[in-house]
Amino acid sequence: MKLAVACGLVLSSLLAVSSTAEQFDFFYFVQQWPGSFCDTWRGCCFPDTGKPAADFGIHGLWPNYAQCHGGDDDASFFSIVGRRGKCWPEYCEREDGNALSPWEIRDLVASLGRNWPTLSCRSGDSFEFWSYEWKKHGTCSNLRPHDYFARALALKAAHNLTAILAAAGIVPSDTETYSLSSVSDAIAAATGATANLQCNRDKDGQTQLYQVFQCVDREAKKLIDCPLHMRSRCSGDRVKLPLF
Ligand code: AMP
């Protein structure tokens, strides 16, 4: 009898987990070069804690589908269900609530401040940036908040993009440019996995490396080759990595 009750409990808790688990395929782990965020026409502001290091900073860890679902040509411009369909889950409902608690990540705050700093002029409090990323993407990750942020920090520490690029001679400069293939080859050789690159433009319209999208398994632990190619917004073959 006891065994039957125990089996029932295990089964029902498994069902409860699986019925609420998000069925995404992989994570995009997105890091951003702060010099490229700051030197656009929009500009940036430093966090209350001071100017961040000249190092790639975390933008987010985003659950993503390998294939977009249910494309709809008539979808509203504002909907995430666009012509290609819904390509990632966002703002998921969680039984444990959607708000990020500072208490839950208190032991990570110092490291998050260094590695995931806000550059927004709306607020100098990086916690607001982490909360936004948690609500939009983290709630769909099937991870608890502490694991979500700890795994992002561990991924960044395991694959130091700034050092990987420097070892390949790709260092911040306002005059030098680098071929896109030298950037992607350096990342693939050092991490064992391909990544997607995204560019933006500085105030003079010059193309620069803005974000690196690495792809990660559903546990947010291991890099994988990116299953999708996204629009890079890099025009031409060369990019700069501006000083910060
Ligand atoms: P997401 O909605 O997760 O794709 O993130 C996009 C939003 O994050 C935009 O509103 C950006 O302006 C903002 N964002 C990007 N990088 C940063 C940063 N370093 N600090 C604060 N906000 C940022």
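Glycine too: its Cβ is placed from the backbone N, Cα and C atoms.
The active site feature in TrEMBL is assigned to HIS59 (among others). In the three-state DSSP classification, HIS59 (active site) falls within a strand. Long-range Cβ proximity for HIS59 (active site), meaning a same-chain Cβ under 8 A and a gap of 6 or more residues, is found for VAL30, GLN31, GLN32, GLU133, GLN211.
Counting every protein chain shown, 22 other Cβ atoms lie within 10 Å of the Cβ of GLU133 (active site). Residues annotated as active site in TrEMBL: GLU133 (among others).
DSSP assigns HIS137 (active site) to coil in the three-state reduction, outside any helix or strand. Within the same chain, residues at least six positions away from HIS137 (active site) with a Cβ under 8 Å of its Cβ are GLY60, LEU61, TRP62, PRO63, TRP88, GLU90. According to TrEMBL, the feature active site maps to HIS137 (among others).
As annotated by TrEMBL, signal peptide applies to 1-21.
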